[in-house]
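Okay, structure first, notes after.
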């Protein structure tokens, strides 16, 4: 303001006359700053501002201005004292006009008195801003301060003036003094001009400060405070401050309904009303003397509080319905209260009974004491009942408190409602009980009232109250009449009144309780209503019972008895709160999923916010192979099976995900996924998937790498993914740390797949496995004939064979596998692994000691298939090297057996040794890591026969020729003609020529006639030449090595030799052993009934499907020997002569055989022949217990001999 020109300042000073009172106050504040600066303003401006005051004479004013303008130095030196006097005088004049800025100007003036004028101006403005910011505008109550105190600072100011003025060295000093005097006189004239008032100014100032502090504190209690309830009601702290300003501007002593004062006052009145409504009925009814001192004091104090409350209601703001507006205008408050509850509150607050007693006692004491005493007492008691009208006030306050609790705590609101309802019912019962006794008491207890009948007129008030309350509650609950039925007319009417009131209260209580219970569990009620609609829908469309049950189960698992509109609930929340809730709901999914555990938390949050919850039932196909993929899924709970066309099945459990491959390649589904249990999944759409991965390229790379690894595990490839991953690796987009994270995610995914395989293998293991010897019966063409032969009848002699011995064959269409696929069926493999490795051993399982088709045949199964690379951890190394006598042979291991046992200690060693090198000849890239190192030629040579052993001779060996000489070439796996991508189906490995095997020592006499004209088994590739990478040559023969007791197919089917038999395992009672002679006769019957094999049957056998290579199908083709040679024992047939099981017969296999039912070549005799070129099969035999007795090898019968 000091920098403004005088004309502009004059215009600003004239603004309060044109604007309202608020602008006047603001102008005074600004002018107060100038006055505190040292008195440089013209005193004539003060006359403009104080227009109601008589202005000084113009000559004096002109002299003042001239003196100030003539001597500026004297003004500066005298400025502090003069400014203190001026600001104090004018400031106090302004203060009682309603401006709080006068305090700041006074403080600034006093501060300026201690220093220069500029310092005083700075101190004044800072102090003024601090006071205004702390207290706001002045309350209207300050306008009522007595004006006589306005001259309070005048005496100190005038006293300070001579002290601050130097001796009369400057001529303008008297003019300055004369300039000061009119201002002071003017101020005194305004405030009354009394000289005596100057003597009491210091005490008045102290009183004013104390009263101002108390007034401010009490005024703050009348305003709404910044608490939880106020913030919830008004929305923000700024809104609460605006409401406080409304209270200040509304007038003097206006109480806000949400203020702290009103809160505590209502609480006090609530407790006082409850006490009155309980004590007053008891005192009126059961106590005759009401003029005792305690009773009078209680009534007087209560009436006084209620009268004060009546007055405060005129100054308390009224809340309009629905909290839309709060009325703070005093006139509107008064009119609204007078029209509503004023009459009731006034009557209940006035002590009418005491007023009546005072008036009556002054009329005539003698009359009062005699004739009118009883009537006056009765009327006084009736008038005292008017205090019970305070119940209306109690109901209003309780309702207000319910609103407060409802706005603050929802659960507390429900509890308060129930407590209020119960309390009101008990209060009505209390009143009704007092009424039941009050009516007979006012009638002076007539003879037919219930009090006289029961003889309780002179009893204690406690006993009278108890029976009266019992009678009232019996009426109100409609359960009786108390001790007896009413007799008098007054009792009858009272009983009817009690019944009506009680029935009303009972209905209200039931209704409120029901509504409260429903409100406490609204989600369950909503679910029940929804499911009723579903039941009506199913009935309307007449759905079958199975479908209805599935719908019921789905609703139970999906909603679990509670239904929420989760999308709308989350949509109404803020984004940070919504993300926090979603992260909490999906915490189990994140904890069980390695992908999220190794990912960026921002990526996890972005992914979770876009997930959608879904539930699938067992048997539901979540995705189907060949369809267009629009979603991927994350498993929270449940187990799913991943199925491909090659029957390659994989299990996925909690924490896994699937369906991301087609989202990455924008192609079609590569596999089908079926739910095995109830699955709770989270789905992610393709749009959201791409949106998230655009922000996190490293996670896209992780998804692509895991997808490639999964495709490789199921034997498929995707060039698009391979090209993307290879491009990222070559370009070096990701650093070392990111690549490590991606590799860790891939390793976790593999581990989860292996865990799922272990769970599946454990689940498929049964206590009594189905004999696998009967599996080919379903797949063979002569199924019906085999089922009716005596072989089946003979085998059914054993009581331990399961009923479901014929199992259905696997589905057709399994031969169309890609070049990179692993041709094996995990389900078939896992059903064989536990039975072969653990549960099929006769010694380890007592329930199977007498089963003819047990562990030894499972070893044959293990010898005829290859396992995918992911299954090597499933094969326990403890069962890979059994003792030599596991199948009846003496404990003298051969060198090749020891070599195989040593090699089988690794994860996949016993499978590789059993297959005899078929893995090494396969071109499948998936099996490359599983191939062991090169083996020595000695390991591929057949072992010599054990001197004391049975030699492993069985029934079938009597139909076979002796092994060929060393000139007979052996067959290599490559000469079977399979493509490079498929696994080799042959079981022989090693050099092209196999050393000559030793001769068999003996042949059983009862089968001697069946060996004539027999020739070795030979296999001829259809193409004539081997594929590239294999040694070409003419058709090779598989030499028939002498069978060992180690687990070859031949040894499994041959009867025991004449060597000393080992100790027999004791059989169960009532189970006769099967004799070899009977089995031999049954075998002759079957083998004689079968036709001969055609020559070109090898064309079909060479293209055996990958699935059939894992099955133990006993069908095979027999061909003439490629080259002649003298066998070491027994006569050989002529060259080129085909032979069957019986001389002169040809065993044929039908040409039209599906790939799913084709047996693998060498499934029986091939394994026997392979035993001469590979390690023994004892590595796949089950482990026996240390103390278990060995069981002799029983003959096993193939189904299509």
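Placement of Cβ uses the backbone N, Cα and C atoms for every residue, glycine included.
As written in Swiss-Prot, here are the features:
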| type | residues | note |
| --- | --- | --- |
| BINDING | 659, 660, 662, 669, 670, 673, 710 | 3',5'-cyclic AMP binding site |
| COMPBIAS | 164-174 | compositional bias 'Pro residues' |
| COMPBIAS | 831-856 | compositional bias 'Low complexity' |
| COMPBIAS | 866-880 | compositional bias 'Low complexity' |
| COMPBIAS | 881-894 | compositional bias 'Pro residues' |
| COMPBIAS | 915-939 | compositional bias 'Low complexity' |
| COMPBIAS | 967-995 | compositional bias 'Low complexity' |
| COMPBIAS | 1029-1042 | compositional bias 'Pro residues' |
| COMPBIAS | 1045-1056 | compositional bias 'Low complexity' |
| CARBOHYD | 458 | N-linked glycosylation site |
| TOPO_DOM | 1-263 | topological domain 'Cytoplasmic' |
| TOPO_DOM | 315-336 | topological domain 'Cytoplasmic' |
| TOPO_DOM | 400-413 | topological domain 'Cytoplasmic' |
| TOPO_DOM | 518-1201 | topological domain 'Cytoplasmic' |
| TRANSMEM | 264-286 | transmembrane segment |
| TRANSMEM | 294-314 | transmembrane segment |
| TRANSMEM | 337-359 | transmembrane segment |
| TRANSMEM | 379-399 | transmembrane segment |
| TRANSMEM | 414-436 | transmembrane segment |
| TRANSMEM | 492-517 | transmembrane segment |
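Between the alpha carbons (Cα) of residue 670 (3',5'-cyclic AMP binding site) and the residue listed as 'N-linked glycosylation site' lies a span of roughly 98 Å. Around the Cβ of residue 659 (3',5'-cyclic AMP binding site), a 10 Å sphere holds 24 further Cβ atoms from the protein chains shown. The stretch from 264-286, 294-314, 337-359, 492-517 that makes the most Cβ contacts under 8 Å with the transmembrane segment (414-436) is 492-517.
The secondary structure of the residue listed as 'N-linked glycosylation site', as reduced to three states from DSSP, is coil rather than helix or strand. If one looks beyond the transmembrane segment (492-517) by at least 6 residues along the same chain, the residues whose Cβ comes under 8 Å of a Cβ in the stretch are 414, 417-418, 421-422, 424-425, 428, 432, 435-436, 439, 472-473, 475-478, 481, 486. Taking the centroid of the Cβ atoms of 659, 660, 662, 669, 670, 673, 710 as the 3',5'-cyclic AMP site, the other same-chain residues with Cβ within 8 Å of it are 623, 629, 632, 658, 661, 663, 671, 707. According to its DSSP assignment, residue 710 (3',5'-cyclic AMP binding site) is helical. Within 10 Å of the C-beta atom of residue 710 (3',5'-cyclic AMP binding site) sit 21 other C-beta atoms, taking all shown protein chains into account.
Taking the C-alpha positions, the distance from residue 669 (3',5'-cyclic AMP binding site) to residue 458 (N-linked glycosylation site) comes to 96 Å. Looking only at the binding-site residues 662, 673, 710, the one with its C-alpha closest to the residue listed as 'N-linked glycosylation site' is 673. Counted within 10 Å of its Cβ, the other Cβ atoms near residue 673 (3',5'-cyclic AMP binding site) come to 22, all protein chains included. Along the topological domain 'Cytoplasmic' (518-1201), the predicted structure has mean pLDDT 57. In three-state terms derived from DSSP, residue 673 (3',5'-cyclic AMP binding site) belongs to an extended strand segment.
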